[in-house]
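Take a look at the structure set out below.
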Amino acid sequence: MSARNTKQAPDGGWGWAIVIASFMGQLLAYGSPQSVGVLYPEWLNTFQDGKGMTAWVGSLVSGVGLIASPICSACVVNFGARPVTIFSGVMVSGGLMLSAFAPNVQFLIFSYGIVVGLGCGLVYAATVTITCQYFDKRRGLALGIITTGTSIGGFLYATVQNEFIALFGLDGCLLLIGCFALNIIACAGLMRTLHLPVYYLKQRAALAGKADEKVLEKAPVVEDPIKKNQSVNILITGETKEPPPYEKSLLSYTALVRLMKKKQKEYSEYLHTTAELLQNRVFLATCVSLFAYCLGAYTPLLFLEDLAQTEGLISGISTIPLVSIMSIAAGVGKLLLGVMMDIRWMNSIFLYTFTLLGTGVALLIIPVTKNYAGLRVISALLGFFSGNWSVIPYVTTKVVGMDRLTEAYGILMFFGGFSIMLGPPVAGWIYDWLHSYDLAFYFSGSFVLLGGAGLFLAAVCFRNNNQEENSTPDTECINDYNKVPTVA
């Protein structure tokens, strides 16, 4: 067993300080991106650009972190949670402050969409990883607490940003929110890692190797009688025969070729594994359904507040904006859906499908809703169903098994992140074309319904054809559910 895995998870103690720090880190990082719908109308009024172009800001800040999640996880594994959290705090804060000085939407796409989005992805990877180190038996509870930080952050920041815009303007609001984000660095101070990161282990091994080389160089061992005189001469004069330059070049070239072959083999194995996973019809249906869900489900997060103002249902922004209702309902949904997954007879695939179908129906009702109270109810439903992100690891485990969970989850996050980046801009372009949100929400709701219906049919066919084969994996999934959240 390696040195990195010798320490057991304490399941308490300092772990609760880690939970508090991780909760606050996610709240401070995701507060503004989760309530970007409050900022979206202000950006439209300030820059007078199209809704489709402006929507790239909100879509990228949510999608970039998901697509870059493998890179973010690799950074945490190699450098540790504390340095990554400090760096991510600088990124989130710097991106928000830069956005206050944005001269156009294109600059916002970089500063708010990409920089803040990558910072949020790093915060999420670091907080989840270190929480999993400190908790084993109570891991589900700990992860449930810290991930609700995103929902509570969205609920609080929607109202706070609304008030800051009224008092200090859009630029002052972004500067203040950026200052708040600097507290992520303070949260990193509590993140005392249990396992040494890979980078430090490599440095330690390199130092140990150099120390061994020095010891061998100092040891005057001359055992070969044939080369005794030559070895004594080398020890006395300190002169060694260096290889010619062409030999050094040849050795370097050989090492480079070996490294390229090794990397090529790893990439080939990864592509082979991905192809095998996509041959699983239910997993392929899950990828397609997640793509369709993210294509439509993030549209209301960005446009619902602007829809209410455009249709004259409210003047300005309410004291409790619609995105606040969605955020707090999402937190409740994560907790309740997670609890439902602990019910022994509950089928995770059918539960996830139900949330997709419910989201699709709610999106289709938006165009026919002509009052603000109805939009509040729909926002609460959409927020609750968006808690299905806590179900996705369980669905993935049931479909592909625990052994392939990491690879499968990475593929799903790529589909989700890519779809999130496309959905809001497409809806914005539809509005720019027709000057109405009706077709945009019909488009979004139809895609989500199709994704949910396709996954339901695939799951039913798979269950009927492979009922006997699925009985064993179901048992394994129940026994390994405590390991599932580590993939988040």
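Glycine too: its Cβ is placed from the backbone N, Cα and C atoms.
The domain 'Major facilitator superfamily (MFS) profile' annotation in TrEMBL covers 18-463. According to TrEMBL, the feature transmembrane segment maps to 12-33, 53-77, 84-102, 108-128, 140-158, 164-191, 282-301, 313-337, 349-369, 375-396, 408-427, 439-462.
Between the transmembrane segment (282-301) and the transmembrane segment (108-128), the number of CB pairs under 8 angstroms, six or more residues apart, is fewer than three, so the stretches are not in contact. Residues 15, 19, 22-35, 37-38, 127-128, 131-132, 134, 177, 320-321, 323-324, 326-328, 330-331, 334-335, 338, 390, 481-482, 485, 488 of the same chain lie 6+ residues outside the transmembrane segment (140-158) yet bring a C-beta within less than 8 angstroms of a C-beta in it.
The average per-residue pLDDT of the prediction over the domain 'Major facilitator superfamily (MFS) profile' (18-463) is 81, rounded to a whole number.
Of the Cβ pairs linking the transmembrane segment (84-102) with the transmembrane segment (12-33) and spaced 6 or more residues apart, 3 or more are under 8 Å, so the two regions touch. Highlighted: of the candidate stretches 108-128, 313-337, 375-396, 375-396 has the greatest count of Cβ pairs under 8 Å to the transmembrane segment (408-427). Long-range neighbours of the transmembrane segment (313-337) within the same chain, counting only residues 6 or more positions beyond its ends whose Cβ lies under 8 Å from a Cβ of the stretch, are 34-38, 41, 144, 147-148, 150-156, 158-159, 162, 300-301, 304-305, 307, 351, 355, 370-372, 375-376, 379-391. Within its own chain, the transmembrane segment (164-191) is flanked in space by residues 17-18, 20-22, 24-25, 28-29, 31-32, 38-39, 42-43, 46, 81-83, 85-86, 88-90, 92-97, 99-101, 123, 126, 130, 157, which lie at least six positions past its ends and keep a Cβ under 8 Å from the stretch. Contact counts against the transmembrane segment (53-77), taken as Cβ pairs under 8 Å, peak for 108-128 among the stretches 12-33, 108-128, 375-396, 439-462.
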